[in-house]
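Heads up: the structure comes next, in structure tokens.
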Protein chains: 2
Amino acid sequence: MDCSLVVLGAGPGGYDAALEAAALGMDTVLVEREHLGGTCLNWGCIPTKLFLGASAPVSSLASHAKLKLIEYEPEAVRVSLPAMQNRKRKMLAGTHKAMALRLRKAGVTLLTGTGRFTAPGTVEVTDAEGNNTTTVHYNDAVVATGAGSASFPSIAPDGEAVLDPQQLLELESPPNSLVIVGGGAIGIEMGEVFARLGASITLIEAMDRLLPYEDPEIGEGLAKLLKRDKWTLRIGERVESLKTVDGRAVLTMESGETMEADKALVAVGRKPNSAGMGLEDVGCELDPRGFVKTDENLSAAEHVYAVGDVNGLSLLAHAATHQAHYVVRRLAGREQQPYRGGAIPACVYGSHEMMRAGLTEALALDAGGEKVEVSRFQLAANPYAQAQSAGYGFVKAIWLDDILVGVSALGHGVSHLVTLAEVLVREKISAERLGGYVFAHPTLDEALAEALRAPREHIR
Amino acid sequence: MDCSLVVLGAGPGGYDAALEAAALGMDTVLVEREHLGGTCLNWGCIPTKLFLGASAPVSSLASHAKLKLIEYEPEAVRVSLPAMQNRKRKMLAGTHKAMALRLRKAGVTLLTGTGRFTAPGTVEVTDAEGNNTTTVHYNDAVVATGAGSASFPSIAPDGEAVLDPQQLLELESPPNSLVIVGGGAIGIEMGEVFARLGASITLIEAMDRLLPYEDPEIGEGLAKLLKRDKWTLRIGERVESLKTVDGRAVLTMESGETMEADKALVAVGRKPNSAGMGLEDVGCELDPRGFVKTDENLSAAEHVYAVGDVNGLSLLAHAATHQAHYVVRRLAGREQQPYRGGAIPACVYGSHEMMRAGLTEALALDAGGEKVEVSRFQLAANPYAQAQSAGYGFVKAIWLDDILVGVSALGHGVSHLVTLAEVLVREKISAERLGGYVFAHPTLDEALAEALRAPREHIR
């Protein structure tokens, strides 16, 4: 079959690329080996948000009860994991159907199977059984095959008691105890879900803080909040081995200490889905970790582009879609400029949230310039946060040569500030120009405005 | 006593005016007859948000239980109104103290008492007992005395069973039944609080929909949601009389029908605090409803300005502070332009929220121009909303001659979109320019982006 564009992978990047390409008149083939929606929809952002949303009242009841605003018997409120799984499956089935319909309506040809480059201009798609192969001839190709869970040989999910995030999200009954290896977004969000379902949580992070790529104040503040929620945190400690013994997860630390739990989650990072696809045969280069190298136009080789997790620029769904739109517009001749993703905004969800738009303080220091300053505001002084019985946290603004270059925040509900912060950062809003907007009262948004207006502390 | 600026009223407008004036070097006197913070802090936005926040788990438990995600016995979860009152009093006391301290530190002289203009350049401040009078000579004055609850002779709060919002917010035990006269923000928010506390709610609105100044789709959609929550809504019906009989509220409709309830709330609007202040003696004019007339610079008379509720431009706290900052900057010579408040963003809070930034469709039609269009997005298709078990609602964008002039939204959590929408409207963001921002996934913000990108329906 001939097409102008073949897209490999129907996650957030590939799906959006195919739809937009079809809308711009390109004859488009989309290849997916498993489910439409990729990791984000099926085993990532969406199921975790669904589980966090479904179990949220457990946290808010507890925080209100601490203030005596609500009285209740904790055991009288039961979150049902089977019901959550059921709702997830229904939601996914509905979304898959809607996505397939939208592709069909847009005129995208969907091929189910695994794509492999066999020569420049040719992709072969083989179905799951390996029985049928379809040869696709393309003018241009977009590789959007995403990433999967990373692990180490001594810490490898086995599907019994040692699980990867996808396996953990399939459990039908919650463990009483859960050890999480990895203090990134996945470990923290899943820990919160299972803590609300009654599990005692132990989290181990080898680096010196939670969320090590974010501002240190974020990880340190979050650790404080999670300890208050009775999590056991082992920060700066390394796991020697983790395996299933007699149905339970047995973990040995580098120190020699061992611990056991009903289940363990390995959430130590992501590895790109780039092997065995013939990428090198069409001129793509992979970096040592397997990420597809791209140039400033997201091109990986002649007529081959790579977007999303697989190129390693950012492992976030919205980065993938942003890149996909760029590449398709470029192919359609609507975009001549190099890709400017800039700093990709990020959130971690739960009772204690974090968000960042633009740069962290450390990245601002790395970015050159003369002067780095920070200004901040404590959520405790924000009436909206007070009303949620959740006043711990802060908004921190980063200034580089008097220009706003980043905002980080920690606290209940701060994920709601992420796009506002993103717009203010991209628009290089000055504290003075803020006066042109009316901040509704009372909102959490006012905490962001206050942080921007606060006196600045000189960092460099 | 002599000063350069006297400010009458220490609500959001007056307090901010005094602080900013002092910061800009003006010798400032602030006059307040009762509590720092005005209606907003003491009897308005803040207590209602505190009560809504404290009782929120009751709503989320119910919506999750409908989806079988959570099982619980509703009677096992008790929101405590006395605890809420207690927390409110503590929070107010703390805030009053912090505000007084901030005024003192800023060098503002705070006079407790009622101010009255006795001649141009002179305000007399009399304390509550009427014993002591201080004469203040000013160069400029800012009137920021706010507004109180409006009522009609036949529907007048008596403090027994017929209450104004302030009295309702002081109750120590919730009524079993509550009749609310007035379907504006106050009636809706207080209804939600007391519904969560177990009261059956009947709401009567004389106009043809709830929130009659907002987009009709908002009021109509909200009515649908509140009916689902078992509220009795009497829309487009008028109350003939409302009084306390034998300790209960007895209401007679124009139709002759009568109804009874434990308590009734009169929330039919606001009337300015402008009487008996000698405003006319210094050249101010009042409109027939008592609002102080102001010119394009918010000036009410020579050397007299009026900000906030009392000038009737907008009855929202954040409008008052925005106006206050303008007036003070103007007095300091930092502002030469006429005041441009524009459309003031508005929210209604609760389980089902609304927000508007910029114009409604009706106001856009009134605004002239060639072409009015709307584009919209249903929250049911937003994964974040789905995860909150709250998919009903929408975001509606209003375009005037291809420029974004307004955004309205209805649904769970949409108050979080208000400042983002405000910034996008004030910046006249085009759908194309949206592509320059990365919308984090999954967020409610994406619903706003989708509404802006959706095909537009031609209205005129």
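Glycine residues also receive a Cβ, built from the backbone N, Cα and C atoms like all the rest.
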Fill in the blank from the handout: According to TrEMBL, A:G182, A:G183, A:G184, A:A185, A:I186, A:G187, A:I188, A:E189, A:G269 bind NAD(+), and the residue from A:E170, A:E205, A:E254, A:E285 that belongs to that same site is A:E205
Handout entry: A:C45: disulphide-linked cysteine among A:C3, A:C40 [source: TrEMBL]
Key = A:C40
Problem - Per-region confidence, the domain 'FAD/NAD(P)-binding' (A:5-324) (mean pLDDT, whole number) - result: 97
Handout entry: Neighbourhood of A:K49 (FAD binding site), C-beta criterion under 8 angstroms, separation at least six
Key = A:Y349
Fill in the blank from the handout: Of A:C40, A:C45, A:D309, the recorded positions whose C-beta sits under 8 angstroms from some chain B C-beta are A:C40, A:C45
Problem - Reduced DSSP assignment, A:G115 (FAD binding site) - result: strand
Handout entry: Top Cα neighbour of A:C45 (disulfide bond) in the set of binding-site residues A:G115, A:G182, A:I186, A:E205, A:D309
Key = A:I186
Fill in the blank from the handout: One of the recorded positions A:C40, A:G115, A:D309, A:H441 has its Cα closest to the Cα of A:I186 (NAD(+) binding site), namely A:C40
Exercise for the section: Indicate whether A:H441 (active site, proton acceptor) is helix, strand or coil by DSSP. Expected result: coil
Practice task
Among A:G184, A:I188, A:E205, these being the binding-site residues, pick the one whose CA is nearest to that of A:D309 (FAD binding site).
Solution key: A:G184
Practice task
Determine, for the NAD(+) site, the additional residues of the same chain whose CB lies within 8 Å of the mean position of the CB atoms of A:G182, A:G183, A:G184, A:A185, A:I186, A:G187, A:I188, A:E189, A:E205, A:G269; present them in sequence order.
Solution key: A:I180, A:L210, A:L211, A:A267
